[in-house]
Structures are given as structure tokens and as C-alpha cells.
């Protein structure tokens, strides 16, 4: 296609919309990163960046973090709420709380906290949902506002640690998830001589729509019913501790795509707040939880992978609803808290790796079957003649369907011994030739052709074998059908010659990416430049900064990848600040209680038994290097 342009590539991969300006495609067809949208000219090619890392000794795959994106996401969300507060004359402020479960990596949490260094009044706190997370935030929250929100189920130790946080100078809100926690908090607070800051997680009747909708609604795993909330109020009153109740919390679920769901949830929770205030509770914080979505596919829709609103609309709806409710009930406006971890972290990380090989269909010439060949093969030859233009007596779709029926029959006949292996091979090649010809004759403009086009794109797609583990690096793609943008990092200045699917290197048929952003929709294959064994072919998996690292598993003992922190300096040049080596083979063996030291002893015994003396040292050295090596492919 001579009329192909970079704009075609940008729209074809929908980069403009899912990237939020952080990623783009340069005129030379290279994918770029621009971590500070305020300096849009500061763009660095990811292909060049990856090559420089490889030259510096960093093996692929590598997870590349751009901390400036984290800073920008914090600032943009706070700015959206600050603007909404001014717009509606809201009489309180906003606090962004980062739930570290989204990404607990030290560099990520520290960079999010570092976004507050220049702030006179920090607008950032931290959230913990377990004892290990609580221990982490107790040591880090002082770098921002020192506000800590404690969610999740709690035992006595968790509660005591949270209360000790108050002694350390933090403001620790212990959010009650179930009735039994209240008694434990009051007992341990008295023992420690601390007045607790309590929060209530209310269980809303309203349930938003999405993959995580079970987080809300009456059957939610977490939260207190209306009756339980009133019981907590009564118990606090009888203990003369009602003033300790300072926060109301609810959570509709992660990735809420429809702004109306958010508005409705805030409205219901807001009435809880106002009525509890009327009952004498001193609640002054309104925690909307998570739910702020990320537009993974860039369609700006209500799909599970998208969102039909922007940051300003999100903030405006929350502030507007609360303003109206507080005015209606004549109650003070509470501090607004949101726990928007996915929004902060998703864009900041990209997994870059290499294609190690492909399996591609190439049309081969077929010869007319012999006169004594099975009639089925003659039927298939006739279909081939018709579709190849030598005859034109039937509709394209009819010929295609007949060919599919014929190949199915061929497989059945082979299975019962009525078709030879050579005949089966001929039938398969004839079917592929028909499919190839049919695809070239179909039109996207004909709606009757579109289902067949989709079917053929999948059937004829190249298989790209990619040096990564889906289960380790993109577990949500496997577990919940999450869509992540995937792009070749170069060659996009030319029209894509092929369509492909990405397969990982695990020994598992589920190790395949089966959904791709393609224009304004999702497809089962990805348009790509053709692969060549003569030059490196790099692939980027984008928006993997939220949840993927901590959820990733070690299927086939593929471990953590290498990771790097990269900044773009004031000159627009990339600076690799740090590299964290991924797991070695010995590391992952240790994880499953296999000892590399014991293995070396065993290897030595076997070498002494079976290898001639002059080869023993080199064999042992290779075995030792194998234990010290990267779990991913390095030589291919």
C-alpha cells in the first residue's frame, strides 16, 4: 500500500487514545515514550532504548519503568479534584491514597511518594490491606501526608500494629470490614492508651458493572450492612467512643467503566454519610475507594477494558454529588479520599522483549490430483479452480464454506484409515490456498464478508514465538481476559504485511495473547510487519504497571524479568537510573525448595561417573552457569 502513513499506524493501533500521550509512533515508524506530556518533544524510541540496554548487558525480556509517568498521574488526578472543588465551591479538600497492593515494588512506591516533595501540603497517603503491607507503609507514609488507611480483614496483631502507627506520628484509619473487628480495636486501643481513628466500610445495595463488580452490592465479600452500621454506632455510643468514627468507605470494584455507576454509588454512600452525621458520628472523611478506570483499549466506551469518562468528569461527578447531598442534609462537607492505584501505575511500565521465531503460512502451488485420487480431493481441486479465477460460477462465501466442509471430511476419513497421509497433506494445502484466495477477494465494506474475514485472519495468522511468560508478566490476560496494548516497536512506517498472534515460551497452550487493540475495537490477531531472522524484532506489551508483577506466577519456573528505571532528562535523552536483575534459575528452584548447591554436588558425582576426565571441568562449568543464568531464552 503506497498510501500508508504514520497516521494510519497511529489509528490502527489506537495509540493516541490508550496511551494518554505517554506513548506514540514517530515518523520513522519507531514507537516512542514521552513520560512528561508537558515536554511533548522529549521522545525516546523504545527500540533504541532496548538495544542500548542489551548492549549494556541487560538481557530481554526487560520491564522498563518510567517514574515521570507516575509523577504526572499523581499530579493530574489531584489537579482534577482541586479544580472540581473550586468549581462547586466544595468546603473541604481531596486526598489521594495509593493502595500499595496494586504495585508494591519499592521504586514504584517511592516515586509516588516523591511526587509530594515540593508540596507545602502533601495530597497523598497510603493504603494497606494486609500485615506485610501495613509494615511497609508504616515505614514510608511519613514521606507524604502520613495518612494511612487500613483495609482488609484484621487480627489482633494487625490492629495493634495499626494503633502503634498513631504513636509513630501517622494518622491511621482502621476501616472496619466486619463486626468482630470493632471489639478487638476497642480492647487493644485501651491497652495501648490510644484513641483509634475508625472507619466503616459500608456495603451498598448498588452494584456497578465490570469484571470486579462483586466488590460491591449486597453479596459483597467486604463491608457492613445498614443494620450492622447502626449496631456499630450504638456500640460506639455505649462505649463513649463515637467521636473515634471519622471515615466512611465504600468500594464499587476496580475498573468501573461507566461514569453513571460511579455517580450512583457516591450518591448512595453519601446518604450513609449524611445520616450517620445526623446520628452524632463525627465522620469527616469520605473514601470512595477505587474504581477509577484505565482505558486499556482506547475505545472510550463502557467495555470492561475501557472507560466512558475522563479525569475531570470523574472528579466533577463525585464533588458535585457530595456538594448537593451535604447541602440537602445541611451537613459539613467531608474530605474526599480516593484509592486510585490502577490509574496511577498502569501506564508507567512496558515489557519489552524479542520475537525468537515465527510459524507463517506461505501459499504453495498444488498439483491437480491424479485420476484415481479420492473424489473428495477432486472436489477440493474444483473449489480451488473456481476461487483462483479460472471459473466464476459460485459465490465466494459458498466456495469457502464448501472448502471448510471438505477439509473437515478429509480429517475424518484419515482418522478411520480411508485417506492416506499424502492425501491429507494435499487436502490441507488445498484448503489453505482456497482460504488465502478468499481472503484477498473479501471486502470489509461488505457486512456479510466481515465474519469470514475475522475467521480467516485468525486461521491464516502468523504465530510469533515471543520470549516471555504470559503467566508471569501478563497474568490478567490469561486469568480474566484483560486487554493490554501490544505493538511491534519498529517498522510501523510501512503497511503491515502480516497478521499474527503472540505465543509465549511456556509449555502451556494457554500461553497465548488472544486479544489485541486494533483501531476502535478488539481483534484476535494483530497487524504486524513481517518477521525476519536477520534483525532483532522487538515487541512491547504496554500498560502492565498495575497488578501484573505481584499477580504473576512461576509457571514452568519462569521467574521475574529484568527491570530498569529510565528517566528522560532535560535534554530529552534517556537515562537508565538502575537495573534490577531478574530471577536466576537457582532463584526459582529455591522458591520450590530445590537447592542449587545440592544439585551441584549431584552433578559432580554424575560427571565423575560418566564423563571422561578431560571434559569434566568444562561440563561442570556449563552446569554451574546454567544455575546462575536467566530463566528466559538468551541464545537463539
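Using the three backbone atoms N, Cα and C, a Cβ is placed for every residue, glycine included.
Swiss-Prot annotations:
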- 286, 287, 288, 289, 290, 291, 292, 293, 294, 295, 296: substrate binding site (BINDING)
- 101: N6-(pyridoxal phosphate)lysine (MOD_RES)
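Sequence features annotated in Swiss-Prot and their locations in the structure.
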residue	record	Cβ contacts under 8 Å, 6 or more apart
101	N6-(pyridoxal phosphate)lysine	127, 129, 130, 133, 341, 547, 550
286	substrate binding site	247, 248, 269, 270, 273, 322, 334, 335, 336, 337
288	substrate binding site	250, 262, 265, 266, 269, 318, 336, 337, 338, 339
290	substrate binding site	99, 251, 252, 253, 254, 338, 339, 340, 341, 342
292	substrate binding site	77, 256, 314, 338, 340, 342, 343
294	substrate binding site	255, 307, 342, 343, 346, 347, 543, 546
296	substrate binding site	18, 305, 306, 346, 482, 483, 484, 485, 517, 543
Residue 101 (N6-(pyridoxal phosphate)lysine): secondary structure state under DSSP, collapsed to three categories: helix
